[in-house]
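Heads up, the thing below is written out as structure tokens.
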Amino acid sequence: MTTILKHLPAGQRIGIAFSGGLDTSAALLWMRQKGAVPYAYTANLGQPDEDDYDAIPRRAMEYGAENARLIDCRKQLVAEGIAAIQCGAFHNTTGGLTYFNTTPLGRAVTGTMLVAAMKEDGVNIWGDGSTYKGNDIERFYRYGLLTNAELQIYKPWLDTDFIDELGGRHEMSEFMIACGFDYKMSVEKAYSTDSNMLGATHEAKDLEFLNSSVKIVNPIMGVKFWDESVKIPAEEVTVRFEQGHPVALNGKTFSDDVEMMLEANRIGGRHGLGMSDQIENRIIEAKSRGIYEAPGMALLHIAYERLLTGIHNEDTIEQYHSHGRQLGKLLYLGRWFDSQALMLRDGLQRWVASQITGEVTLELRRGNDYSILNTVSDNLTYKAERLTMEKGESVFSPDDRIGQLTMRNLDITDTREKLFGYAKAGLLTASSATGLPQVENLENKGK
């Protein structure tokens, strides 16, 4: 069976991930006119820039959908977001600022839940708005086929007939008007935005040029913290975790994770927390640039890692970071539910996250400027008295440390012999200044 259909399968049911925007509206109407039977599926991901979710399926029916469904994905999305925080599943960082993989998390949820809904309706052909140059076309492909082994893919944006007729937004708008729908194009922004309740992605157009900065972006989850005219008073916030799960903000306990994430977004968003500018490697190995918002994810991540460093030992923390980066890349690649990802998730959640219980108090200021004010946990292995510089009882004595240092003589002697061995092999040069062979100064090389 052919998995990817290059031309419209007339007479057959086609499920389309319908956002209600110009692209998917024109595509749905065009497919109906060309003889297909379109079914529209809209994911409610708690997008901060969407005001009326219930209106989206109604518009789909007006444009010719045989049926239209709104699928509430928020609970599952937040569950996956919390799992990512527990595992540190983030691999893209620049200057200490993290991209929280909010788009890959959204695709993992959308790609599985929408295709599952289609399968319930007997719809085994799926189309979405992802382009052939991006990451999402592969993410949706993988998640769709994982959910429904019989799935076929039809994307109007890969169909030359569709492209020839409606290849641009102007043509799509004219097509909608000609068909009796007063569809006006929204005002073109200097960049494209995609969002869910975990975060927002701003990319493309002017942001493809590296001399266009974050200052051209209008945040949809936060504030312009770089604009000194925007007043942002400092604010204290306390985050509580129980066994790796965020349960309370500022003393308020949440039984609903969705409400908890919305409140975390509001708190972090008031300061522009979690906004970053990243150059990343797409799945196809080409570099792209995005500006990201994730105020709630950032707030929870900061508090979680503060507890992590106070509770776990050095090797466990190192494994958390190493495995987390691996898992973050798998998530980015659309492999969040692959066996290698599940193996990493299980270990990190079972042995690391389960011990993260306690409270962290922060002072948030502008952007990613914050201070940690207090850290409290019954599980802390940080004990101030162990290494106090003040006189008093200690768990070990000066003689104990002398013995420990004496044992180091073994590997120090081995290292010294190795250095002179490298010098004999010509890999290092002798140094009269230190008495040890050294790497030759590159400034002197060739003189």
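Placement of Cβ uses the backbone N, Cα and C atoms for every residue, glycine included.
Given the structure is predicted, the values throughout are model-derived calculations rather than measurements.
Annotated L-citrulline binding in Swiss-Prot involves ASN135, ARG139, SER192, THR201, GLU203, GLU280 plus, out of the candidates TYR99, TYR154, TYR304, the residue TYR99. Within ASP164, ASP182, ASP194, the residue that Swiss-Prot lists together with ALA17, PHE18, SER19, GLY20, GLY21, LEU22, ASP23, THR24, SER25, ALA43, GLY129, THR131, ASP136 for binding ATP is ASP194. Counted over every protein chain shown, other Cβ atoms within 10 Å are most numerous around TYR99 among the binding-site residues ASP23, TYR99. A strand conformation is recorded for ALA17 (ATP binding site) in the three-state DSSP classification. In this structure, the C-alpha atom of THR201 (L-citrulline binding site) lies 16 angstrom from that of GLY129 (ATP binding site). With respect to their backbone Cα atoms, ARG139 (L-citrulline binding site) and THR131 (L-aspartate binding site) stand 12 Å from each other.
Separation of the C-alpha atoms of SER19 (ATP binding site) and GLU280 (L-citrulline binding site): 26 Å, rounded to the nearest whole number. In the three-state DSSP scheme, SER25 (ATP binding site) is classed as helix.
The binding-site residues considered are ALA17, SER25, GLY129, ARG139, GLU280; of these, GLU280 has the fewest other C-beta atoms within 10 angstroms of its C-beta.
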